[in-house]
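Trainee: The following feature annotations were taken from TrEMBL:
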- 29-53: transmembrane segment (TRANSMEM)
- 59-81: transmembrane segment (TRANSMEM)
- 116-138: transmembrane segment (TRANSMEM)
- 150-173: transmembrane segment (TRANSMEM)
- 185-204: transmembrane segment (TRANSMEM)
- 210-231: transmembrane segment (TRANSMEM)
- 243-268: transmembrane segment (TRANSMEM)
- 274-294: transmembrane segment (TRANSMEM)
Amino acid sequence: MVVLHRIHGRWSHWLLDIADTNPDKKDRAFWAAVLGTSVAIVSALLLVINGVFIDQLGFFAASLMSAASASVAFLLAFLFFPETLPSTMDKKLEGWDSVKRIGSYFFLGGSLRERLTLWTCLFIFMFSVVCQLIRITIDSLYLLHRPFCWTHSIIGIFSGSRMAGTFLVGIVILRIFRSCCQPEILAMVGLLFQTAGFVLQALARKSWQLILVPVVTSPCTVAVPVIRAILSTLASPADQGALNSSVAVVEVVINLAGTVGVLSVYSATLAGPLPGAVYLLMASFGAAAFLLYFDSCCTPRKCHFGCPSFSFLSNCPEICRDPTVAGSSPATGALA
């Protein structure tokens, strides 16, 4: 089901459109957050409706409604969505070469430093997105079990409210702080709150304690749009398709492997003294992403052209490209 759900590449296509129409990293992060928030609000409504349908009519009615909504989305995109890539560039990207670039982008593209940067961003993305992909599945199983024993309707309302609320908070944070703070810093703060929220959920024993979890984790949705924006700015316009397709493949693999692995941990620890131990594992994912962010963004290094650069993930300022200003040329620039 996960493969069928993601094989049509809707996220990759939407993110490509954002990259085609927004050259700035902050704008890409903001509109990626807008996209995620829009999807989250609709998904939240569907979660609430599905919970009611499952309790009242069974699983078939919920599945039928999901299929109908997917069909409507396909017709709207097919009939009304415009092409954002220039036609001249589109002709250059046809053929088997485009397919080969998807698999080889992270292995053969660019210099060693550029590939290292891409792989660092990819690991940050994997640790950041895995919790968002598998959280609803784990929450549904966990909240049905003791000591909570919630119904499907209550779980749907809780999950939907949490999803819509956290994404709305994320977009507000990006909008307010975009002019005075680098998006990488906002992402690190969000990951810290995510880690704290998962620890709180692992230790929760009362329903009111669970209600505090969405409040604590509300800034965490900033992390994924930011790393998507950073990845897209590291690629040229002609390479956006290969980059996003490669990331989409990784996302599917992470979804499948993460779901199986986390469900295995959940099953093994459910009867133990800490039934929510699986959330400590999910907290470790957020902590790992934060540490990679911190090392990449807060460790002084030199850019391609030899001048000091604060952020490993950010593009070097244009002033560094002038050898008379930076005191170095591209040929002599070295990594710190």
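Glycine is treated like the rest: Cβ placed from N, Cα and C.
Keep in mind that what you see is a predicted model, and the values were worked out from it rather than measured.
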Trainee: Check the transmembrane segment (150-173) against each of 29-53, 116-138, 210-231, 243-268 and return whichever range has the most CB pairs under 8 Å.
Mentor: 29-53
Trainee: Who are the chain neighbours of the transmembrane segment (116-138) in space, where the CB to CB distance is under 8 Å and they lie at least 6 residues beyond its ends?
Mentor: 47, 105-106, 109-110, 159, 163, 187, 191, 194, 198, 221, 223-224, 227-228, 230-231, 234, 247, 250-251, 254-255, 258-259, 262-263, 266, 278-279, 282, 285-286, 288-289, 292-293, 296, 312-313
Trainee: Taking 185-204, 210-231, 274-294 as candidates, which has the most Cβ pairs under 8 Å with the transmembrane segment (29-53)?
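Mentor: Top-ranked stretch among 185-204, 210-231, 274-294: 210-231.
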